[in-house]
Amino acid sequence: MYHQPKTPLRARARSEAKTPLTPSILNGMNNISLASSPTKRTSRPGAPIKSKASTSAFDTTNPFIVPQMSKSRPSSPVKRSGTGGIPNAESLQRQASGGVIRKGGVESRLDVVTRDYVPPRHEIKRSRSTPASRTAVGDRFITNREATDLAAVSATLELLSLNPQSSSPGHTARLAAATGMPINRRILGYHEQPPTASSSDTTLAQQREFARPLYSQRPGAIATSTGATTNKTRKIRTEPIRVLDAPSMMDDFYLNLLAWSSQNALAIGLENSTYVWKADTGTTACLGECQEGLYVTSLDFSRDGAFLGIGIHDGVVELWDAETGQKLRSMTGHQGQVASLSWNEHILTSGCIDGSIWCHDVRIGRHKVMELIGHTGEVCGLKWRPDGELLASGGNDNVVNIWDARLGNVGEGARGSAKWTKRNHTAAVKALGWCPWQPTLLATGGGTNDATVNIWNSTSGARLHTLRTPSQVTSINWSQHCKEIVTTHGYPTNSVMVHAYPSMERVAEIRDAHDSRVLHAALSPAGDVLATTSGDEMLKFWKIWEPKSSSEGAGSGQARKKKIIGDGELGGGRKNSTKEGILTLR
């Protein structure tokens, strides 16, 4: 049996369909002449050009398959001669072009391959300004800050596409238009630094600017700084009635450098000096000065206003005659600075930086008669109750202690323990205040990390009320004329606030009472004027309450006379000749 020669593999790979062998096809294939390829190309014009596919001895010329030409030699435009092969009849050519062969009643269909398949080369479409390298540098989700033109932004957005072959600047522009995002603007950018403050103290201005959103959005804030109140019948002045210059005021939260006596004399500590300003006459006197390198840390007047206790940075407690300005004695023993003082008749109590509290009897030589141990941090707040039975202390260890003076032995080396210990505050407790019309109530205020005011019952130890404020609480004073509390605050409000009791609602507020945080405050003996000082080296007086007269309503003329006298007085004393102007303590 005659076997058909195998078609070359290259041609077989192009077609999968096979033609059945009929007798007519077999007869035609027997007439095929096998000729070898010439060794040299003829230069005779008109000579037939044979393809490279016929160089093999078993190569069969198939009219339905065009052999692949070598890449180095282009294909010849001259048709292959049919000499020695199957005659290319016109009908056969039509059948070959259609892929159908009809011979002897048998119809066969072939997949005619006219040319070899060449994989297409996909070139990256880019604009002229786009670099050839598509390597991404940095985070692909953040656009390059240096890319400002349209082409660079388009190239960056192409990296986010799921099909980068179909992306183009036109597609990017349509996408930007659909999303409403400008194509020539950064999605993420870095803004410039805010302009510097106009004042000389740029640090303070930046702190106030950063804290302004917190200050403006706090709950219960009064809308304006014009002294607006929640009660139309209750208004206070938002401007100080008097301003004094206090140079060299130390900006230290833990110190207590302001005290107002029952004799209407105001004492203030300015670095290493202590000054006394008499509100009745408007005169100022320097009471004394510390040694070089030391400074005043605390002040407090005795109950009758005759003596002034001064705490020094080196732990010494000095006793001065407030009327004559003479130093009476120095009491030593503390290991560090004395940041707080409080009087109870002839007992002067001092709080030290090491957490100890000493009670000094100023009448005897061995002045230390009691030591109270209950704090592990600096004692920055001390306040005796007016009846002298209880003592409240606050420290930098965030602890409030209430001591009972009726318990324990009094004598050298005696120690006492606290009646109540409260740990509800989360910052240093400096602000302390006993209620004058309900002695069992004690108000305490915390520092920056706490900024709350708590009201305690000293008999049962229960916490009655809690008030959250926008900033650190530096002082608390109860009104003698109505059920209200006035508090002073530090950063960021630097304000004076008046709250009603027991509702604890904010009645009035003086915003930005000082340019710096309000450090110290003292209430006048008449209970109507509040003196405040801060790191801005200013001493200001605020009219908070109107004192009620005992003969109010007795007669209209007498009431008007007393009202006129009250307007000319400061602190409830005699006629003051220094009503207007800015005075200095030096």
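Placed from the backbone N, Cα and C atoms, the Cβ positions cover glycine too.
Annotation comment: TrEMBL describes 1-98 (among others) as region 'Disordered'.
Residues annotated as compositional bias 'Polar residues' in TrEMBL: 21-40 (among others).
Among the features that TrEMBL reports, compositional bias 'Polar residues' is placed at 52-63 (among others).
Taken from TrEMBL, the feature compositional bias 'Low complexity' applies to 70-81.
The domain 'CDC20/Fizzy WD40' annotation in TrEMBL covers 244-542.
Confidence annotation: the repeat 'WD' (296-330) carries a mean pLDDT of 94 in the model. Annotated repeat 'WD' per TrEMBL: 296-330 (among others), in sequence order.
Taken from TrEMBL, the feature repeat 'WD' covers 372-404 (among others).
Within the same chain, residues 204, 222, 225, 236-237, 240-253, 255-264, 266, 268, 279, 471-472, 474-475, 477, 479-481, 486, 488-491, 493-496, 498, 566, 569-573, 585 sit at least 6 positions outside the repeat 'WD' (511-544) and bring their C-beta atoms closer than 8 Å to a C-beta of that stretch. According to TrEMBL, the repeat 'WD' annotation covers 511-544 (among others).
The region 'Disordered' feature in TrEMBL is assigned to 549-586 (among others).
Taking Cβ pairs closer than 8 Å, the repeat 'WD' (372-404) reaches residues 253-256, 339-345, 349-359, 415-434, 436, 439, 442, 444, 446, 450, 454, 456, 458, 461 in its own chain, all 6 or more past its ends. Note on the repeat 'WD' (296-330): DSSP counts are 0 helix, 21 strand, 14 coil. Secondary structure counts, DSSP: the repeat 'WD' (372-404) has 0 helix, 19 strand, 14 coil.
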